[in-house]
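Colleague: Dropping the structure in here first, questions after.
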Amino acid sequence: MQMLTRNVLLDVEQDEEDDDDGDLGDVAASRRPFLTPPGLLPSTLVLENLDQTILPNCGSLEDQQDFQVPEFEEFNGKPDSLFFNDGQRRIDFVLVYEDESRKETNKKGTNEKQRKKRQAYESNLICKGLELEATRSVLDDKLVFVKVHAPWEVLCTYAELMHIKLPLKPNDLKTRFSAFSHLNWFTKVLSVDENIIKPEQEFFTAPFEKNRMNDFYIVDRDTFFNPATRSRIVYFILSRVKYQVVNNVSKFGINRLVSSGIYKAAFPLHDCRFGQQSEDASCPSERYLLYREWAHPRSIYKKQPLDLIRKYYGEKIGIYFAWLGYYTKMLLLAAVVGVACFLYGYLSQDYCTWSREVCDPDIGGNIIMCPQCDKLCPFWKLNITCESSKKLCIFDSFGTLVFAVFMGVWVTLFLEFWKRRQAELEYEWDTVELQQEEQARPEYEAQCTHVVINEITQEEERIPFTTCGKCIRITLCASAVFFWILLIIASVIGIIVYRLSVFIVFSTTLPKSFNGTDPIQKYLTPQMATSITASIISFIIIMILNTIYEKVAIMITNFELPRTQTDYENSLTMKMFLFQFVNYYSSCFYIAFFKGKFVGYPGDPVYWLGKYRNEECDPGGCLLELTTQLTIIMGGKAIWNNIQEVLLPWIMNLIGRYRRVSGSEDISPRWEQDYHLQPMGKLGLFYEYLEMIIQFGFVTLFVASFPLAPLLALVNNILEIRVDAWKLTTQFRRMVPEKAQDIGAWQPIMQGIAVLAVVTNAMIIAFTSDMIPRLVYYWSFSIPPYGDHEHYTMEGYINNTLSIFNISDFKDRSKAESSSGLGNYTTCRYRDFRNPPGHPQEYKHNIYYWHVVAAKLAFVIVMEHIIYSVKFFISYAIPDVSKSTKSKIKREKYLTQKLLHESHMTKNLGIVIQNMAGLVDSNLRPKSE
């Protein structure tokens, strides 16, 4: 190592440029114990020992006068090498910076400060026991790659500090045979070939302790810590090492150095290229195996190699793909039932009596409908809605009711069985007690300036703010979130105003009668044109607000300062989902439950904001419009996300590849190839989860209006799994492996959606569709005393459900111009259940209306109580953790404790025997003399 005489902790001048890397984490160094999470007394002792054993020559950061820099080595010409030039020390992490002396825009003062900070940081990494080796880029001599290696002693010390579970002995528990073992021939076709990806050996594990090192299953020190664990340990150190103290205020962490531009990137290495195996025979080429057996399109029908995904990328990514795969598998059942219900509606549309009446020239062609807006909107014939009424028969059928009930049960089955599967993964991946292991975020540690007494331990501990300060932060964060939700509601109101305004335009420009020859006239009614354009505009506004709010939500969560990374992600998750829920679903809620419900009648219409007349639904209801809205938003969102996920990183990498020398990948080292890939982003898979949960909401909340939603979601998810896999293995740098016990806050969010879905689907069937009015007519109003038919029938339904209005009763404000071509008429019809003109209670709600209202309320209450009862029974009957998994967890704990106890007893017995032998020897020696 080269030794230079400098002050490691730089005394930088107090000027505006001094804080170019931000002030998050700046806190008095004397008041904040770094790398000592509160409540972890054993870990504190470990760190104190670490300073004494590994860093004997470094001293305190403030007193250190000399710093060490990594040695520069030339590239050895081995592009697949994962080791230092000596071929012995493995590369656990790579830091990339641009040499200040070779920058084209050389601002001497700024570059010098950055260089000093970086040199101080690297020197302190060496003081922490890490080994560094620098290599200049073979393609761009301005770039320098600093390779980081963690020696055995550092790995052991920090493995104990981080409570990392490591193997004690091979797992000898017998695997129970499945009841479906006779179907192995079928599952073997869908599974990955075990000769290609070999099953991982299972071990009993325990948190690592240095003083019990001999108890652990250490066959080879080089492989005891796998690459993912090594990278996680090194990143833990990189995130907490200081690089500057100014006026007793510390600055620290690789994240801040990267964000301030002192380093260009920091990442662990992929083990090989994705398209071919490594030339190094000792390299397992796991990236290549993942691409071939998981990310490649030809593997789309195969099960995911979850154990290898977890081993290579960590538990956090593994649990995401396990959840997505399970969700997709459960969608298969929902899609089959949904398609069956859709086919039932499609095949029975020819027998839809009320639709035939709408299309009949003698019935629908003779019914003159009242204008749906003031002045400009004309009278129109009912049969122009013929095609939309036929489509409505497909979705507004008895099959829809069956499917809504089924989905209420399905979502409960999915959530309960996923809990069981998640418990199995917790056991298999050693994350059962993860909450006790998780360390505080360095950003949280940096702000721990207030000393309080722990109520449990009665010892001092540091917290970032007082109770009053916490209340102030929560209030400010809640206010900011509430403001943005109001902003979304304002955008929804803007869309409603657009719908009310543009409907007048379409009503005056589109044809008023149906001649059956014009294809545009056949499908494009004023209502349909308004719905399609408003849905497209709503989708555009949704995407714009998403982009803005993502940054705002991150700022709010950073200000809130959660303690652990799990707390941080859960807090951000709740904020983002609350926003997305209002953003994506508000227009659907408006169409389903508000549009056409408060319109009055032609003689006394209801005006919105005193100016805009409330818009009405088609004579068949707003269900078809809700279906259109869902199709556009779900389809548009899927297309937009795939463009973002596939095209953008591919184009960025393609541009970067053309900028480099042709064929350079064959000679560039592994770290340089990875540097030119795209960074994954700070939030990792957060947006992938968010995308799927929003889709889960569409599939469950409004499925009564669109039975094909599960099928679309199934197709999208099958592609989504492979697209995400392709991105991770080919387009992005390797992420820092992270632990995760479950899917976090997304689980209670899905449970909340499942509860809400029962109510929304029941209300869609009751208040949005026309199913209840049709049933009331069929069973009560088609026969005496209210009807004229001798038997139950749907004939006459249209005439019975359209009320009559006298044109002479129009107010001047809403009276429409007379339209030619419709004949002479003195009355028009409108969608409502009111008494005709001349009745003693003219234009008041009739008896049919009150029957329908009572039936709707009864239906909602009965349906939701039945489904909630079934959901409760299923939740009670299916335990969250299976009996076999509980037995395995207890058995492993018992054997682990027994193993450690026996080992401890053996050691103590050996010491006792040795002492007794010495005592006997000393007693016998005088006698022999």
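Just so you know, glycine gets a Cβ as well, placed from its N, Cα and C.
Annotations per TrEMBL:
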type: COMPBIAS; residues: 12-24; note: compositional bias 'Acidic residues'
type: DOMAIN; residues: 83-306; note: domain 'Anoctamin dimerisation'
type: DOMAIN; residues: 309-892; note: domain 'Anoctamin transmembrane'
type: REGION; residues: 11-31; note: region 'Disordered'
type: TRANSMEM; residues: 320-347; note: transmembrane segment
type: TRANSMEM; residues: 398-418; note: transmembrane segment
type: TRANSMEM; residues: 481-508; note: transmembrane segment
type: TRANSMEM; residues: 528-549; note: transmembrane segment
type: TRANSMEM; residues: 576-594; note: transmembrane segment
type: TRANSMEM; residues: 692-715; note: transmembrane segment
type: TRANSMEM; residues: 743-767; note: transmembrane segment
type: TRANSMEM; residues: 847-868; note: transmembrane segment
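Any idea what these are sitting next to in the structure?
Modeller: Over the domain 'Anoctamin dimerisation' (83-306), the average per-residue pLDDT in this prediction is 84.
The list of residues near the transmembrane segment (528-549) in space but at least 6 beyond its ends in sequence, with Cβ under 8 angstroms from a Cβ of it, reads 388, 484, 487-488, 491-492, 494-495, 498-499, 502-503, 506, 510, 576, 579-580, 583-584, 587, 615, 625, 628-629, 632-633, 636-637, 640.
Within its own chain, the transmembrane segment (576-594) has Cβ neighbours under 8 Å at 481, 484-485, 488-489, 492, 495-496, 534-535, 538, 542, 545-546, 549-550, 553, 622, 625-626, 629-630, 633, 637, 686, 690, 693-694, 697-698, 701-702, 705, 745, 749, 760, 763-764, 767-768, counting only residues six or more beyond its boundaries.
Through the fold, the transmembrane segment (743-767) approaches residues 319-320, 323, 400-401, 404, 407-408, 411-412, 415, 419, 422, 566, 569-570, 573-574, 577, 592-593, 597, 623, 626, 689, 693, 696-697, 700-705, 856-857, 859-860, 863-864, 867-868, 871 of its own chain, all at least 6 residues removed from its boundaries and within a Cβ separation under 8 Å.
Panel annotation: around the transmembrane segment (847-868), residues 404-405, 408-409, 758-759, 762-763, 765-767, 772-773, 775-777, 780-781, 786, 800-801, 832-834 of the same chain, lying at least six beyond its termini, place a Cβ under 8 Å from a Cβ of the stretch.
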